Structures are given as structure tokens and as C-alpha cells.
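Structure first, commentary second.
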Amino acid sequence: MNPTVSIAVILTVLQAAHCQMIRDLSACLLGQSLRVDCRYENKTSNPLTYEFSLTRQQKHIIQSTISVSENVYRNRANVTMHKNLVCLYLHSFTTSDEGVYMCELKATNDYTGNQIKNITVIKDKLEKCVRLSLLIQNTSWLLLLLLSLPLLQAVDFVSL
């Protein structure tokens, strides 16, 4: 095999070998609901599968596309997916829902295995969610607004 072709194949495999990585896992209270944000870096367009679970004495699957969710959480939990963010919402959150929450992500055809991150959730120690946090994930609109303020002021469109 040609050495140039070999190097190209190795680089392709190495690039595809690590397709996503969980960057951050955070939790906050949104009214009476728990929100768990699982932020990840995705380097592929392959579909993403996820699993959110809670461990107290044993593991309880809350919401998943990897395995079957437990019945007790089906009516209380939902997941939303945004660019580089998977959010779990657990409604009617109480102290009995405290424990270690896990986010597990896997991109289809990613041979490095699942990416997993844990966070300990205690209701009294949770901060309230900032409602704009999802909008800030995509900051291009915010940057455009900030950059256009001087122009808007120059034409006396906005007076600050």
C-alpha cells in the first residue's frame, strides 16, 4: 500500500475515532422542574443517542434512546436537543429525586464508546435556571446585536 494512502487512512480513522465529547454537565431548577444540561462537542454529523439516568441505591433510567426508560419517569421527563446541547427536564422535582445524575452520549458509528459525565443533584443546593441560557448557547445573534449598536446609535435609531 502506498505510504501516502496509509497516512490518509490513519488520519481519517483518528478523526472519526473521537466524534463527540461531553464538555459540561450542569443542573438547575426551572420552576418546579429540574433541568440537566449536557453540553458536548460534536465533530460528526452522525445521529446522537443519549441516556439520562439517576443513581440512588441503584440506577434508574429516566429518558433514553439507548435503552428503555423506567415507567415512573415517562410522564415526568422529556429531553430536548439543540446544537451541542441535550437537556433533560424532570417535572415535579422533589427531594426524593436527589442523587447522581448521569448523561451518556454516543454518536452512531463512533467506535470509541460512550461519553459519560455525572453530577450530584441536591434540591436545596440547586441554583435557579437562567431562562436565556439556551439562547446564549448560540451567541451569534448576541454578537451581531452588540456590533450593530454603534451603527444604530449613529443613525439615532437607538438612544442609550
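Each position is counted from 1, following the chain as shown.
Note that Cβ sites are derived from N, Cα and C of the backbone, with glycine treated the same way.
Going by Swiss-Prot, these are the annotated features:
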DISULFID  C28-C129  disulfide bond
DISULFID  C38-C103  disulfide bond
DOMAIN    20-120  domain 'Ig-like V-type'
CARBOHYD  N42  N-linked glycosylation site
CARBOHYD  N78  N-linked glycosylation site
CARBOHYD  N118  N-linked glycosylation site
CARBOHYD  N138  N-linked glycosylation site
LIPID     C129  GPI-anchor amidated cysteine
MOD_RES   Q20  pyrrolidone carboxylic acid
SIGNAL    1-19  signal peptide
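Taking the features listed in Swiss-Prot, we show where each one sits on the structure.
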residue	record	DSSP class
C28	disulfide bond	strand
C38	disulfide bond	strand
N78	N-linked glycosylation site	strand
C103	disulfide bond	strand
N118	N-linked glycosylation site	strand
C129	disulfide bond	coil
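On a Cα basis, C38 (disulfide bond) lies 14 Å away from N78 (N-linked glycosylation site).
Packing around C129 (disulfide bond) is summarised by its Cβ count: 19 other Cβ atoms lie within 10 angstroms of its Cβ, all protein chains included.
Considering other CB atoms within 10 Å as the measure, the emptiest surroundings among the disulfide-bonded residues C28, C38, C103 are those of C28. Looking only at the recorded positions C28, C38, N42, C129, the one with its C-alpha closest to N118 (N-linked glycosylation site) is C38. The distance from the Cα of C103 (disulfide bond) to the Cα of C28 (disulfide bond) comes to 15 Å. C129 (disulfide bond) and N42 (N-linked glycosylation site) have their C-alpha atoms 24 Å apart, to the nearest angstrom. N42 (N-linked glycosylation site) sits 24 Å from C28 (disulfide bond), counting Cα to Cα.
N118 (N-linked glycosylation site) has a Cβ environment of 13 other Cβ atoms inside 10 Å.
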